[in-house]
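Student: Per TrEMBL, the features are:
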| type | residues | note |
| --- | --- | --- |
| TRANSMEM | 34-55 | transmembrane segment |
| TRANSMEM | 240-261 | transmembrane segment |
| TRANSMEM | 268-290 | transmembrane segment |
| TRANSMEM | 323-343 | transmembrane segment |
| TRANSMEM | 363-384 | transmembrane segment |
| TRANSMEM | 424-442 | transmembrane segment |
| TRANSMEM | 449-468 | transmembrane segment |
| TRANSMEM | 488-513 | transmembrane segment |
| TRANSMEM | 595-616 | transmembrane segment |
| TRANSMEM | 628-653 | transmembrane segment |
Amino acid sequence: MRGPLGAVIGRYPSSDGTTQLGGIIRHNRKCRDIAFLVIFIAFWVAMIVNSSFGFNQGNPLRLTYGLDYKGNVCGDKHANPGLRQLELRYWLNPNQVYQSGLKHSQFKLANARSICLFDCPIPSEDSLNWVCDYPEGDIRLSMVDWIDRNYDYFEFLTPEMRNTSLQLQGPCYPVIFPSVNVYWSCQYIARASNMSLRHWQQMGGVNINEDIVIDKSIHRSINSRSSVLKRYMADIGKSWPVLIVCGGLLPLFLSVLWLLMIRHFVAAMPWITVALFNILIISVTMFYYLKAGWIGNDAVSPIIGEHDPYTRVSGRELNHLRVAAIFMSFVMVVSILTSIAIVRRILMATSVLKVAAKVIREVQALIIFPIIPYAILSIFYMFWISAALHLFSSGQVIQNNCNANCCAYDLVSKRVNCDRCCGYGIRYTPHIAVAIFFHLFGCYWATQFFIACSSTVIAGSVASYYWARGEISPEIPFLPVFSSMKRLIRYSLGSVALGSLIVSFVESIRFILESIRRKLKVADTTAHSGFRKMAFHTSQGCLRCVEWTIKSVNRNAYIMIAITGKSFCRASAIATELIMNNILRIGRVNVIGDVILSLGKLCVSLSSAVFAFLMLDTHKYRSSHNRISSPLFPVLVCWGLGYVVATLFFAVVEMSIDTIILSFCQDSEEHQGTAQYAPPLLIETLNDQNEMQRLTH
């Protein structure tokens, strides 16, 4: 049996047996788990190196815009020629587009000749329009004049150039099909202009295929999984003001407001939290229904700008929103039923929250302390998101090795070139995928680390408050929060790094297993697939339980680290033993308090999601230049950021309750079942058996 903690966290005897004052959580400490602190620092160095690779190789424009026939990214003002505001990719040769759409064709759309334009060309009603290559060589036009002429300089071509153009080898190509801007690519509509075709045929042009395949090819490319993922990442970059307001400032304000209301209106807060949670989750669900088009006429559309009302183009983004709407409907129903089930327990939560409210009133610096880790995390997230966008867009732009039988006129060499007519693509090497995974893992570990540091500081501050009861007031540190910060930085950073690493590692393993399960679910249709599916579901469930247990143990371990200064493993053992010895006494109280606090965090994060929906629905994010493909990812990121911010601030209440209860348990053990240092309100809450029975039955 371990010895009492009084020598560490309360009064401790001197060598002559007399009681010394001033020993509150300060005695007999030394640095712990140094090796894991070194690992964490090395990991940060690796994160910086990894991010520098992304900044060096990446270009976020690639996430939104395509490549032209020279390998330039559309919209890049530094390209040659400069493509500022020329953001739309247009495929010049309709027959190449047709060939790429045939089922057994070896020709890919990525190899079709494409160019960057300001708007999508449409056929003329009384003549034949042309779109020509960028002016160079003997074509003495500036880019501005070329744009003003609607990309047409056919009249300036030599007879040889006109002949190659009629063979669909350039430098000019006919506009036979109307096109519409679909996510910054000109989607062909298989509705050829009869007048343009007649002019083309009269001029002796080669046969142009008019099959429906011609628009399916582009549509399939635009809706590929990689293209959709790139657009989602680009949405995050475009909506950065929404992330700052709804993912940073709004949850900061709401979290501080919630803490102030806990301090002054503690009796009403559980009821307000439960009611607000249900209102918000219904609101978020309705927003998903609106954007999915199941309510009203405001569904997301892949078409950007004005278009023919008879044109119908759908994308994966709409399907993803519908899946999200169905999922949120299920969550909404479960949440409402759960809220009804816990109504009878809310009085118990009120008694627990009163204890935390008293701590907050006594140690007033606790309300403003989370602003410090909030500021650190804000800086980290801005750097991390920027690096993530560059990593996702990193890769080398190279010309495809298509081995296709295609030729195009070269204005510089003044001849038809059949050797370099293949299109350009971005080559992603395996190490880029590893770099992205490393970057994601680093974000999760860093977030867990800063939350753990914040929790440990709060626990140390509250423990100072608890174990100073009965002492003269000068024994309480003047600023217990800053004293706790000093102890953390000096002695316990390694222990916190270890605890956050364990949580991050388990979560990463669960993510990997989930990815493997999804791949097997698609690929495996044999008789053994049912057994494999059951095995993976079982492993996922076990990992979720392990993850939840580790997070719970970690939180209590941080408390004992703050109180005792022990290593992470030793502190976990002490906390677990205390909880197991007092599980019947504190279990019901702690669980219902955690439920209310979790609902409070969800209220803040759901509020962030609602306001993100409202901001993304404004004209700025519906116009052509800043248009986002879907509100799904920005809203999810705002929800996640809001939850992290709420976790930082709600830890004041959460850790106050847990620290007070663990200290109470230790106090009771050291004094034969009667806590000597406990505040009267806590004794009344935990020791009044009649009250406990009334609240729980």
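Heads up, the Cβ atoms here are built off N, Cα and C, so glycines get one too.
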Student: Is the transmembrane segment (34-55) in contact with the transmembrane segment (424-442), using at least 3 Cβ pairs under 8 Å (sequence separation of 6 or more) as the test?
Tutor: yes
Student: So if I exclude everything within five residues of the ends of the transmembrane segment (34-55), which remaining residues of that chain have a CB under 8 angstroms from its CBs? That is, six or more out.
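Tutor: Non-local partners: 383-384, 387-388, 390-391, 394, 435, 438-439, 442, 445-446, 449, 493-495, 497-498, 501.
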Student: Counting a contact as 3 or more Cβ pairs under 8 Å, with residues at least 6 apart in sequence, do the transmembrane segment (628-653) and the transmembrane segment (240-261) touch?
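Tutor: Contact confirmed: at least 3 Cβ pairs fall under 8 Å.
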Student: Cβ pairs under 8 Å only, please: of the recorded stretches 240-261, 449-468, 488-513, 595-616, which one is richest in them relative to the transmembrane segment (268-290)?
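Tutor: That would be 595-616.
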Student: If you count Cβ pairs under 8 Å, which stretch among 240-261, 449-468, 488-513 touches the transmembrane segment (595-616) the most?
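Tutor: Of the candidates 240-261, 449-468, 488-513, 240-261 scores highest.
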